[in-house]
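Peer 1: Here's the feature list from TrEMBL:
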{"type": "DOMAIN", "residues": "11-58", "note": "domain 'Galactokinase N-terminal'"}
{"type": "SITE", "residues": "R29", "note": "site 'Transition state stabilizer'"}
{"type": "BINDING", "residues": "E35, H36, T37, D38, Y222", "note": "substrate binding site"}
{"type": "DOMAIN", "residues": "93-180", "note": "domain 'GHMP kinase N-terminal'"}
{"type": "BINDING", "residues": "G123, A124, G125, L126, S127, S128, S129", "note": "ATP binding site"}
{"type": "BINDING", "residues": "S129, E161", "note": "Mg(2+) binding site"}
{"type": "ACT_SITE", "residues": "D173", "note": "active site, proton acceptor"}
{"type": "DOMAIN", "residues": "277-360", "note": "domain 'GHMP kinase C-terminal'"}
Amino acid sequence: MRELTKEALNQFEKHYGYSAELLIQAPGRVNLIGEHTDYNDGFVLPCAIDYSTIVASKKRSDYLVNIIAIDFNSKDHFQLDQPIVKSEHGWANYVRGVFKYVQETHPNFTGVDLIIHGNVPLGAGLSSSAALEVSIATTIKTLYNLSIDPKELAKICQKAENKFVGMNCGIMDQFISTLGEQNHALLVDCRSLETKSISMPKNLSVVIINSNVKHGLVDSEYNLRRQQCEEAASILNVSKLRDATIELLEKHKDEMSDVVYRRARHIITENARTINAAKALTNNDIVTMSELMQAGHLSMKDDFEITVPAVDCLVDIVKAEIGNKGGVRMTGGGFGGCVVALVPNEMVEQVRKAVENQYHTQTGLKESFYLCHAMNGAGKIS
Ligand code: GAF
């Protein structure tokens, strides 16, 4: 983090010729359980991680926004007193979208110079996009002292991604990047947006292993899953699958395709698993947590069909080492990306070695291994 910060400040001086007045960070996230439940108004259990996007900034008074994205080796600029339209640079649309929707409700700001730098792995399912959106929104809010509460800020960022970028995501990623708590996961009710802080067991480490299978087909498959969930909800005559039960689903099984039935079964069972996982972690009941994570992974593999063989392989390797002393499952939207494992502290090296020895041989791929900690959400770096 210190290195990232130093580099962001240096680059700011180099490009703009004066010093930044503010440094903001927004973290990526890992979801412990509750996958694809957010847009079904259900429950999720993520924590923010110590990989983040950093933004160095300074106010301007001429309605110009200058952006330099170090990691993309790319620049963008636009005027706030003219309509904000799409850029040809993919990354820039996350930034432009946030400016557009902050401006919609809080129009009183007059420009900014920005440097963006970060270390959230891209396309790995650890929410680099949400970290970017939240870092920008928090920068505008802090620089101009705008009164935007954290939940509203997360919703503005989600709107930018849904309506400006065109990715129909739920609220989880922006929410945890904004509201994360050090040493805690957050059980989020994605309907009411109420949260419960769940203390992370001290004897377990949060290990994330990137399969380095880049997300493929994410947008199209993600949107298809959403449609299938909506179709199931409509057949079950509920507003969202959050309101359905397994009994109701079984009663209407013959009215839907097998695929739609299995999609709904994943969401209904995943919501229950997520609530139970929060209880298990609270009680330091690792065996139950382990079983819930395993069941969650199988449900994503067989019912929701969002895992890929390399990710399943990583889960198997880790599971063989930790048994029910910890838990492991795919994390994030799916179709590549990472697994998350809760590993007894004293077994982390053993797990690292097992993955190192077996993953490449079995898949031809090389993993990346991140030992993480649950962190606070976005804020000022002093
Ligand atoms: C992606 C989305 F952005 C989230 O809203 C969530 O649906 C997740 O996939 C799956 O749980 O990260």
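Including glycine, each Cβ sits where the backbone N, Cα and C put it.
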Peer 1: Sort out the sequence-distant neighbours of Y222 (substrate binding site) for me: same chain, 6+ apart, CB within less than 8 Å of its CB, listed by position.
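Peer 2: Non-local contacts for Y222 (substrate binding site): M167, N168, C169, G333.
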Peer 1: Please determine which of the binding-site residues listed here (G123, G125) has the lowest count of neighbouring CB atoms within 10 Å.
Peer 2: G123
Peer 1: Please report the number of other Cβ atoms within 10 Å of the Cβ of D38 (substrate binding site).
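Peer 2: There are 22 of them.
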Peer 1: Among the binding-site residues listed here (D38, A124, S127, S129), which has the Cα closest to the Cα of the residue listed as 'active site, proton acceptor'?
Peer 2: S127
Peer 1: Give me the CA-CA distance between D38 (substrate binding site) and S129 (ATP binding site), in Å, as a whole number.
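Peer 2: With distance taken Cα to Cα, S129 (ATP binding site) is 17 Å from D38 (substrate binding site).
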Peer 1: Relative to the Cβ position of S127 (ATP binding site), how many further Cβ atoms are located within 10 Å?
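Peer 2: Taking all protein chains shown, S127 (ATP binding site) has 30 Cβ neighbours within 10 Å.
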Peer 1: Measuring CA to CA, name the entry from the binding-site residues E35, H36, S128, S129 that ends up nearest E161 (Mg(2+) binding site).
Peer 2: S129
Peer 1: S128 (ATP binding site) to R29 (site 'Transition state stabilizer'): how many Å between their Cα atoms?
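Peer 2: So the alpha carbons of S128 (ATP binding site) and R29 (site 'Transition state stabilizer') sit roughly 8 Å from each other.
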Peer 1: For the domain 'GHMP kinase C-terminal' (277-360), what is the mean per-residue pLDDT, to the nearest integer?
Peer 2: 97
Peer 1: Report the residues of the chain - excluding E35, H36, T37, D38, Y222 - with C-beta within 8 Å of the mean position of the site's C-beta atoms, for the recorded substrate site, in sequence order.
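Peer 2: Here the nearby residues are G34, Y39, N40, V44, G170, M172, R225, I267, G333.
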